[in-house]
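Working notes, structure below.
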Amino acid sequence: MLDAFSRVVVNSDAKAAYVGGSDLQALKKFIAGGNKRLDSVNAIVSNASCIVSDAVSGMICENPGLIAPGGNCYTNRRMAACLRDGEIILRYVSYALLAGDPSVLEDRCLNGLKETYIALGVPTNSSVRAVSIMKAAAVAFITNTASQRKMATADGDCSALASEVASYCDRVAAAIS
C-alpha cells in the first residue's frame, strides 16, 4: 500500500528526479482536502456498527431464508461471522479512503474473498446486497445527509470523497460477485 506521499516519492525515484511540478501540486491538493478526508473517515468509523448492522438487517429483510434453519445467518455464530465480515470490509474501505488508495483494500481484504465465500457456501448475491447498503449509508454519512444523525464536518463539498468511498464499495461488490 502506498499513500499519496509514498507514490510521489516512488515515482520520482524511478525517474531519478526531484519531487516537483505536477507531483507537488497533487500533494498540495491532497493536503488541502485532508480535513475533509479525515472527517469522512471519522463519519464512517463513528457509525460503523450502525452501518454494518443496518446492512445485514436489510440483507436479511430482503432474504428471510438467511435466518431460517439451514440459512447462512442461522445460529448466533453464523450471524456473528456475517457482522464481523461486514465490519472488516468497512474497516478496509475506511483505510483506503484515508490513504486515498485502494491497494490496501485490494491486497488485504479482497484478494481471495470470493473464493473463500464460495468455499464456505456464503451466498454472494446477499453479500453484494449488504455491501450496497453499506455503500449508501457511508455516502450518506460522508455527505452529512444521513436522516438520523448529523455530524460536524469540514466546510465544503465532500461529493468527491463520497464518490471515492462509493467506488471502493463497488470494488468490494465486484470482487464478491
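Every residue, even glycine, has its Cβ placed from backbone N, Cα and C.
Keep in mind it's a predicted model, so treat the numbers as computed, not measured.
According to Swiss-Prot, the features are:
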- Cys50, Cys61: phycourobilin binding site (BINDING)
- Asn72: N4-methylasparagine (MOD_RES)
- Cys82: (2R,3E)-phycoerythrobilin 1 binding site (BINDING)
- Cys158: (2R,3E)-phycoerythrobilin 2 binding site (BINDING)
Shortest C-alpha distance to the residue listed as 'N4-methylasparagine' - which of the binding-site residues Cys50, Cys82, Cys158 | Cys82
Counting distance between Cα atoms, which of the binding-site residues Cys50, Cys61, Cys82 is nearest the residue listed as '(2R,3E)-phycoerythrobilin 2 binding site'?
-> Cys50
Judged by the number of other CB atoms within 10 angstroms, which among Cys50, Cys61, Cys82, Cys158 is the least packed of the binding-site residues?
-> Cys61
Per DSSP (helix/strand/coil reduction), Cys61 (phycourobilin binding site) sits in helix
Provide, as an integer number of angstrom, the distance between the C-alpha atoms of Cys61 (phycourobilin binding site) and the residue listed as '(2R,3E)-phycoerythrobilin 1 binding site'.
-> 15
State the Cα to Cα distance, in Å, between the residue listed as '(2R,3E)-phycoerythrobilin 1 binding site' and Cys50 (phycourobilin binding site), rounded to an integer.
-> 14
The residue listed as 'N4-methylasparagine', number of other Cβ atoms within 10 Å | 21
